[in-house]
Structures are given as C-alpha cells and as structure tokens.
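Colleague: Got a structure for you, questions after.
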Amino acid sequence: MSGDFDTIRDASSPDEVQLVRLLEEKIKSLQIEIENLRKELNYYKAEMEKMLSPPLIEAVVLDVLPDGRVLVRSSSGPNLVVNIASHIDQKLIKPGISVALNQRGSTILEVLPQKEDPIVKTMEIIERPNVTYSEIGGLEEQIRELREVVELPLKNPEIFREIGVEPPKGVLLYGPPGTGKTMLAKAVATESNAVFIHVVASEFAQKFVGEGARIVRELFEMAKRKAPSIIFIDEIDAIGAKRIDIGTSGEREIQRTLMQLLAELDGFDPLDNVKIIAATNRIDILDPALLRPGRFDRIIEVPLPDFKGRTEIFNIYLKKMKIEDNINLELLSQLTEGFSGADIKNVCVEAAYMAIRDGRNKVTMNDLVEAINKINVKRNKMESMKERREKYS
C-alpha cells in the first residue's frame, strides 16, 4: 500500500501529497489501535474462561496408595481416595502437600504452592550467628558436652556411622535465667556453620484448634529446608509442662501442640542436619515424655557462675571497654556472688553509664563497685516481689 501512495505522491500537487501523508499517519494509528484492541480482547477472553471454569476443591494429601491413587482430606470435610491427572508429575505428590481437586472431588488437577505460616516467617532466623565460645565464661564443661552432641554430629556424621551409634536427637539446657543458655546455643550454631532458628515456646500456644501443632510442623519443615540448622526452643515449659487429665480447651490445645512436638522429635534421623536445643528454668514441671530416651537425650545444667566463672565473665566484658589499670577482677567476683552472667553484663553497662555521666572516657573500679550495689538493690526488690507473689498466689 505504501508503494501506491508513493506513486500518487510523485504525480500529485503539493496539497494532494500532504493529504497522502495524513492518510498514511492515520493508517499507522489505526493499525496500532487494532493491535491494542486485539490484546484487550485476548485478555477479556482469558478472564471469561476463568469466570466460567468451575471452582476447585483444596485438599491435603494424607497418603499415596500402592495402586497410585491418593488418600486426601478435602476442605469440605471427608477423606477421599482420588486419582492423579495425567499432566501431574506423580513425584510431586507427597503426604502433607496441598492439592486442588476437580469439583466432583475425584481427581487431582493441580499441586498448590506450599504456604508458610506468618508466625514461622517472623521467627528469629540467623543465617550465621556471630557468638563464639570465647565470649562465654565459666561454662567449659557445658561447651564440651554441646560440642560432642551437636557440633560433632553436624560436622562429622560419618564418625557415628562407622562406630555404629546414634548421637542424641535433642539437648535440654536448664538453669536460672541469664546464665548463658541462649549464648551457648548460638555459639554452637556458629561453630557448626548452621542456621540458628530461635523460637519462644509460647509462640506455639494458639487459640484455634490445631494451629499450634501446624506451626510446630512447619517449623521443622523450614529447618530441614535450611539445613544444616539448629532449632532453639526457649522456655519450653510453656508447652512442655506435665499433662493433666481435665483442663480448659486452651490447655487441651497446648497438649496437642506438645504431642506434635514429640512426634517431630520421634520422626527425624539424629544424623540429619537438623539439631534441637531447648532451654528452661523450670525443669521440675516438664512432662516426663519430653525427657525419655530418643527425644531430649542429653540434659545439661547451666548453673550460676562460680568465683572462677564470674572472673572470666568480667574479663570478657571489661576487655572490650576502656578501663583504668587498677581494676581488681577478684574483688569484683567476690562482690557478685549469686550474680548471673546477665547480671554481670548489666554491672559493666551501668558502670559505663556512670563514667559517661561524669564526662570520663574510662571506667574506674569505683564505678564498678557502685554499679554492683545498684544491681544488687534491683535484684533484692525482684526477689521480694517474687516472694510476695508466691505468698498470695
């Protein structure tokens, strides 16, 4: 067509040439508009197909039967035995995954993407913790045990296969608050080059039936995906207390969550790249089922630091600070009998604030002694409040 316009343009007057140019531009504009309308038509056709297609039924795979059929639990209620559509890769069909059934509920038409619970997503996940054993004072024996039962199986599982024994599946750390249980777990994750997943057990306690158990299940699935990994369950007594026969619906839900945790502990290989560490300061109320062989096999006490331990902890914190030369670590350790590692850290921080308030850039021995007295007053108040609560509870 453009050739015809060229012939007309050569044999025509200037006005006619201008008209031809306008017509050419109009044709180009119309061609673009036709293409846009074609795209819009295809879009609406696709939308109409979606609207007219029958809805699918969501279901969860329970088991794959020997004859190739699948047992599923449908969202509408009953368990069904269904077939797999020919276009579905049968290797993708595994227990626990979500699938879409046709409206009659007889065939799996689609494998749905796996969803991760928002609570699991928000758990503290540290790809590579930066805590080392050298930052922990007074816990040499506890570090040795953790290295043997957590770090060694993660780094050298073949040693256990050769000798024919299985390492412990889980480790339980117990002791007063602030004694370094979380730091121990982070340090062993650092040395093992493992992802550290920190969860407080109370996060498992949900108000809807089955929610807590599902979160536990998804937590272990995430840990397997991120392996090598260490799951650290803090305050496990929140869901692991001794079970009672009669309780509220909330207590029954916590018991279901505990049962799911026990099932997960029973269900994984101790030589896998996932290790479980739990911590509590109330080991006396834990359910015996948690402590039986095959679950939390190794129980490690993390006590308040002794004189030597307190000296080491003071040295760890003070060597990072600007201090005067006359600091007497032994005297500081004597003055802090009964202090936890967290208390000693608070002493060092409080002493630094005293120096800052006075406009000094170094911490003195007097600052540290005053800080010890201040922390002692706070500790005594907390103890007094605790005693009153126990008296009137």
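Any Cβ shown, glycine's included, is placed from N, Cα and C.
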Colleague: Quick one: sort out which of 15-53, 93-131, 249-287, 288-326 is the coiled coil according to Swiss-Prot.
Modeller: 15-53
Colleague: Can you tell me which parts of the same chain pack against the coiled coil (365-393), counting only residues 6+ beyond its ends and a CB-CB cutoff under 8 A?
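Modeller: Long-range Cβ neighbours of the coiled coil (365-393): 324, 326-328, 332, 335-336, 339, 343, 346-348, 350-352, 354-355.
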Colleague: When the number of other CB atoms within 10 A of each residue's CB is tallied over all shown chains, which of the binding-site residues LYS181, THR182, MET183 has the maximum?
Modeller: LYS181
Colleague: Neighbour count, 10 Å Cβ-Cβ cut-off, for TYR317 (ATP binding site): what number do you get?
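Modeller: For TYR317 (ATP binding site), the 10 Å Cβ neighbour count is 18.
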